[in-house]
Structures are given as structure tokens and as C-alpha cells.
Amino acid sequence: MQANIFVFAFLLLSVAVAAYGYQPECLEPSLYGCRGDEDATFGWTFDREDGGCRQGSYCTRFGQPKNYFRSEGDCKKACGGA
């Protein structure tokens, strides 16, 4: 009985730690800009390949993607990275 309680507590703690560090917007595709003369909005994005924040843009007509941050500080705060 006591072993079951310890296993349950360990699993609960593991799930809590995993959920706390999860930032879904950081897992979205990075911003890669627009083609031609389309209206673009510039900002910051988290690049999973490099593991850091970089400048990027998105086409305004498609709406704001989830992996968009107004500043480098906002990006680093949400996703970490260099």
C-alpha cells in the first residue's frame, strides 16, 4: 500500500514538473516572412533548430502566429534560449 502511494506521488510530481516547463508557442514553426511585396509584421520568434530567439516576420493577411513575440526579451522569457 505504501509503495502505491509513493508511485502515485512520484507520477504526480513528474507531471507537474513537465506541465510547468511546457510552452506550446515555442514548439510552433518559426516565422519565415512573406513573398514579394505583401504586408509583413516584424518581431521575434523561437527557432527550435538553433535553440534560440531570432528576428522574423509574418504575413499580416494570415494573422498572428503563435510563435511571435514583440521583443527578444519576451521570447527569451517564454522559451529560454540564447
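Every residue gets a Cβ built from N, Cα and C, even glycine.
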Margin query: Going by the disulfide annotation in Swiss-Prot, which one of Cys34, Cys79 is bonded to Cys59?
Written below: Cys34
Next item on the list: Can you tell me which disulfide-bonded residues out of Cys34, Cys53, Cys59 are within 10 A of Cys79 (disulfide bond) by Cα, answering none if there aren't any?
Entry: Cys53
Item checked: Between Cys75 (disulfide bond) and Cys59 (disulfide bond): CA-CA distance (Å) -> 19
Notebook entry, point to check: Hey, does DSSP put Cys34 (disulfide bond) in a helix, a strand, or just coil?
Noted result: coil
